[in-house]
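Here is what TrEMBL says about this protein:
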TRANSMEM  192-212  transmembrane segment
TRANSMEM  219-237  transmembrane segment
TRANSMEM  272-293  transmembrane segment
TRANSMEM  313-335  transmembrane segment
TRANSMEM  413-442  transmembrane segment
TRANSMEM  463-485  transmembrane segment
TRANSMEM  525-544  transmembrane segment
TRANSMEM  564-584  transmembrane segment
TRANSMEM  604-637  transmembrane segment
Amino acid sequence: MVMGVLAWLFGDPRHVLFPRNSTGMFCGVGMNRDQPRMIYVDILKCATTTKVMAAALGGTQCPTTQVCVPKCPSHFWMLSAAAYDPDANPKDFFHQQYCDHSLNLTTTTWTVQEILDAELCPSFLVPSKSALGRCLPSLHALKSAPSNFTLPGMASVNETVNSIRSAMGSLISGFNRKAVGVRVFEDFASSWYWILLGLTLALLVSVVFLLLLRYLAIVLVWILMVGLLVVGGYGIWHCYSEYYHFSTSKLKFGDLSFNTNISVYLQVKETWLAFLIILCVWESILILVLSCLRRRLSVAVALMEESSRVVGYLMSTLLYPLFTFVLLVVCVAYWGMTSLYLVTSGAPLYRVVSLSDPSVDKCSLINGSETCKPQTFNSSAYPYCPSVRCIFFRYDDTGLFQQNLVYLQVFNIFAFLWCVNFVIALGQCTLAGTFASYYWAFSKPTEISPFALSQCFIRTLQYHVGSLAFGALLLTCFQLVRLVLEYLNHKTRGSQSACGRFLFNCLRCCFWCLEYFLKILNRNAYIMIAIYGESFCVSAKNAYSLLMRHIGRVVLLDRVTDMLIFFGKLLVVAIVGVLAFFFFSGQIRLPGDTFQAEMLNYYWVPILTVMAGAYLIAQGFFSVYSMCVDTLFLCFLEDLERNDGTMQKPYYMSRNLMRILRKPKPFVTALPE
């Protein structure tokens, strides 16, 4: 909360969410509320930036007048030859909505040439699309430019189109020189509603899968297994076909440099050979696992059916993941907004720059080192250079808050991971308490409270928040160390020796194993906390000792069940991830101008966000069945040690659960459902 307050005091997300005009005003805000788009008066200047301009602006801005407009141009237009007549009236040729707001075409005494020299109005317009609020020429429209669309000084329409394309490339390259954090959040700003749509789709797919699992567990599991085999077989056939197709190609993988266009790598036979080997190994492992664990797989499916029966008595538990989903969305939104405010915490800085070529007039006196404020800038102070402008070039990073921005972002990530782990722990403990109350009821389901879930939730908040926060903190520390190691490995990858790479990989492997072990330990500790109400450390110790005493059942039964649930989560992520890839990479297009993949700096940012969010959502929903299976299994082991089936110590397990786990029939057990 303190981090959020500090970020809110120093940050201004409008720097990312809205474009600016040449006076520093935001388009779509305040006085420009009805003008949310921004055009470049002479976009060709973006490709012909002089060295002085480039040095002054740091390569991040196009040195031309920028004007807020209601909408982007939708047609080709250029000044006619008659406009250059000294007696021509500017209002007969220019469009007021595309001119600088300081110019009134009705009352101005300026000639057309003077307006063009001062860059107050554009001399041509092309059909444009909005990208991050900025109007950029449409590449599709440029292909159909009219034959008479030839700008002054150019020989043909092809030369004009190529110049505009070159300017677009320079402009996009300038965007790409911005800080990575700003570019990433620009992608979030332009695609957040589609990301939310993808997360909603993941929610719906998870609900459908759980409903099918409730009524068709055995059928769904075997369909999943057979489906994986069929998909793997098809993948092997497809990879072999592509490898055979490119077998005569002389292009090798080592001949390619790094390229963001993935299709380039798909034209190399070594790529398909690698895919073929990976799929063959995967298919062999899957067949071997299914053959060796065929009987255990049937028992695991039966255990899931028993869990489905328990969930059927406690249907409210299926709604709890919605609450977890809301809390996770709040955590992600709060982290995202805080990061956005942090990355925009510096005040914008402006410099005085000439928009004309300084080599042909006295504008050479302006070297681009003088700072200014667009709200108070007066171009009349530079009478020898009419094209002088006050243009933004970067954000201030000299303040104490901005100098420690990296540490603040790291702390923000730490707080985000802690909150997410706590939300997951809260759900695990609540569900474990609910299912444990079912198991330890002697007369099922008559002794089950209709408000078992809400009672367990209140009890968890009342007595176990500290234990859950402590367990989440331990897990967060290991996750943060893993993130730091990944960051260091990425930064030093080019300079690492063979020994250094070996040590890094060993550290990454060790911390991954420790994190995985801690997740399992925390999960079982939360179950023991829900049953006995003891502290985290005591519960973790008791859970670990109990599982070690029955390690055979744990490995052969509980892990197989977890594998089936994990395959279900992978199915949800795969479905949503594939659709997100085709959509955000531009291979699936919507009618109209609803969304364009070209406006993204990194199309993989929303894809990875959707996939990560889909996994978190699937994790939340599948945690119902997973927690039910783990709770029943742990309660079963505890029941075996505490009771012996006599009248004095009857078993609490149901007869169906006893049959599934192959326990000899006891003398006394819980009443049948």
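Using the three backbone atoms N, Cα and C, a Cβ is placed for every residue, glycine included.
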Within-chain partners of the transmembrane segment (192-212) [C-beta distance under 8 Å, separation at least 6 from its ends]: 220, 318, 321, 325, 329, 568, 571-573, 575-576, 579-580, 583-584, 595, 606, 609-610, 613-614, 617-618, 621-622, 624-625
Feature contact check the transmembrane segment (272-293) with the transmembrane segment (413-442), CB under 8 Å, 3 or more pairs: no
Positions whose Cβ lies under 8 angstroms from the transmembrane segment (463-485), at least six residues beyond its ends: 410, 413-414, 417-418, 421-422, 424-426, 429, 504, 507-508, 511-512, 514-515, 518-519, 522, 525-526, 529-530, 533, 535-536, 539-540
Close approaches to the transmembrane segment (313-335) from elsewhere in its chain (Cβ under 8 angstroms; 6 or more beyond its ends): 4, 199, 203, 206, 210, 412-413, 415-416, 419-420, 423-424, 426-427, 430-431, 434-435, 438, 444-445, 448, 452-454, 613, 616-617, 620-621, 623-624, 628, 673
Sequence-remote partners of the transmembrane segment (604-637) [C-beta within less than 8 Å, at least six residues beyond its ends]: 184, 187-188, 191, 194-195, 198-199, 202-203, 206-207, 209-210, 213, 303-304, 306-308, 310-311, 317-318, 320-321, 324-325, 328, 332, 420, 424, 427-428, 431-432, 435-436, 439-440, 523-524, 527-528, 530-531, 543, 546-547, 549-550, 553-554, 557-558, 561-562, 565, 568-569, 572-573, 576-577, 580-581, 584-585, 652-653, 657, 661
